[in-house]
Structure formats: structure tokens, C-alpha cells
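Let me begin by presenting the structure, written as C-alpha cells, before commenting on it.
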Amino acid sequence: MVVGVLALQGSFNEHIAVLRRLGVKGVEIKKPEQLDNVSSLIIPGGESTTMAKLAEFHNLFPALREFVKMGKPVWGTCAGLIFLADKAVGQKQGGQELVGGLDCTVHRNFFGSQIQSFEADISVPELASKEGGPETFRGVFIRAPAILEVGPEVEVLADYPVPSNKVLYSSSTVEIQEENSTPEKKVIVAVKQGSLLGTAFHPELTADTRWHSYFLKMAREVGDGASSSSIVAVGEEDPGLNQQSKIDLPVFQ
């Protein structure tokens with residue numbers, strides 16, 4: 001198995017290092033034609049606006065959208081999650097281009113600025129049932145997004161409680177808090193929809209490799225399904241014959 005890792009900016013080297021530890025080759029993807037050589041893709045965390053501008057410069061968006069539409073496994077972490085969302089709010093003026101595919105609404109930088117980055121144990125029952133290990137995962141949130149809404153086909157894999165006094169915007173002179181807040185609510189931080197996986201945190205910045213293993217199994221399942229669907233029983237004609245895959249926190253600006 002060879003896994004592509006979008007290598008425009010952000011923590012792509014860390015993802016490749018984790019894949020190597022799992023015995024899987026990860027290759028950098030910087031040009032559209034390189035996607036033809038991989039069957040699955042990881043879009044890493046980084047600065048989403050910068051990544052989007054670089055993707056646009058290299059004309060990657062059409063190829064990325066086609067990759068998703070073909071049902072190939074794609075995992076987006078942090079900024080990569082924003083890329084995969086069908087809708088993003090809280091963006092910079094002018095917004096940014098998205099790949100789409102995940103039926104969800106993501107709030108960019110929901111958890112605040114760089115200095116408000118944090119780590120927390122999050123409950124991951126689905127991950128633990130598939131990969132073993134503890135029922136929690138140490139999430140590294142760096143200027144992290146959060147998923148506010150999901151469609152009916154989206155499976156929620158993890159959420160995180162948000163205090164009622166969460167600050168939506170803060171500066172040296174102004175602080176705006178959420179109106180009509182409840183004592184505590186939860187925002188979604190990990191989802192799966194078909195062959196797409198999204199996490200608001202950075203698994204590649206921890207020693208726990210379970211999310212990577214989970215994604216690799218997703219990729220293998222898709223690959224096995226594609227292989228089995230191409231088998232033609234003896235005596236049957238193939239209709240196609242006559243027709244033409246704890247480290248120091250980086251600073252994301």
C-alpha cells in the first residue's frame with residue numbers, strides 16, 4: 001500500500017513518519033498527476049488559507065475533487081478537515097476554496113488562536129472497538145476547527161464538551177461571548193462518511209498510531225471491494241470488454 005500525503009504546507013512529514021512506523025510507504029503529493037499513483041490520501045493540518053492558495057496555484061482542486069468523487073479514501077486532519085467539508089464558516093475575508101465531500105459544516109479556528117491551542121483526552125469508543133487500546137485518545141488541538149452540523153450519512157466518531165462561556169472572538173479591547181449558551185454543549189471533532197475521515201485534532205503529533213491504523217483499514221476495505229467487484233465469473237461476459245491508496249507543537253500562522 002502506498003498512501004499519498006498532500007505536501008503543500010503543514011505537518012505532512014509527521015504523517016509520513018507515522019505511516020513508516022506502521023510499515024506503510026507515504027509519498028508527498030504536490031502536483032495533480034501524482035494522485036494517479038496513490039489509492040488513498042491524507043490532507044494534513046497546517047494553515048488552511050495558505051494550503052488552499054498553494055493548492056489553487058498548483059491547480060490541485062479539480063484533481064482532489066475527482067479523487068474524492070471516485071470514492072477513494074481521504075483523511076483530513078485539522079486544516080485537512082476544513083478542506084473536506086462541504087461548508088466552512090468563520091473564515092477569513094474572502095473565504096477559501098474547499099474540496100468538499102464531507103456533508104458537514106466546519107467552523108474554522110473554533111477553539112481560538114495559536115496561544116489557545118491545547119491537548120485533551122477525548123472519548124473514542126469506535127476507534128477503541130476497532131483498534132483496541134484505551135477508550136480515550138489524547139487530542140492535540142492547534143488553532144483547531146470544530147464540526148457544528150453533520151448530514152444524515154455522517155457517522156460521529158468523537159465529540160468534545162465546550163464550556164458555556166466559550167469566547168467566540170477576543171482582542172485586547174473587545175470580547176464577544178456566545179449568546180443564549182447552555183451549561184455545556186458538545187461539538188464534533190471526528191467524523192466518517194463512506195471513504196472519508198475527518199479529525200479536528202492532530203493524531204500525527206502523538207505516539208498513538210490508532211487513527212492511522214483505522215484509516216489504513218478503511219483504505220484496504222475500499223481496495224478489497226474494488227478488486228472483488230472487478231472479478232467476472234467463469235462463463236459470464238465482462239460487459240467492459242466490448243467497451244471502451246509527544247512532539248513539540250508546530251506553529252501554524
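Using the three backbone atoms N, Cα and C, a Cβ is placed for every residue, glycine included.
For Cys78 (active site, nucleophile), the count of additional Cβ atoms within 10 Å of its Cβ stands at 30 [all protein chains shown]. The active site, nucleophile feature in TrEMBL is assigned to Cys78.
Long-range Cβ proximity for His202 (active site, charge relay system), meaning a same-chain Cβ under 8 A and a gap of 6 or more residues, is found for Ser11, Glu14, Gly45, Thr77, Cys78, Gly139, Val140, Phe141, Ile142. Feature annotation from TrEMBL assigns active site, charge relay system to His202 (among others).
The active site, charge relay system feature in TrEMBL is assigned to Glu204 (among others).
Other Cβ atoms within 10 Å of the Cβ of Gly46 (L-glutamine binding site), summed over all protein chains shown, number 25. Residues or ranges marked as L-glutamine binding site in TrEMBL: Gly46, Glu47, Ser48, Arg108, Ile142, Arg143.
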Determine the most Cβ-crowded residue among the recorded positions Glu47, Glu204, using a 10 Å radius around each Cβ and all protein chains in the structure.
Glu204
On a simple 10 Å Cβ count over all chains shown, which one of the binding-site residues Ser48, Arg108, Ile142, Arg143 is most densely packed?
Ser48
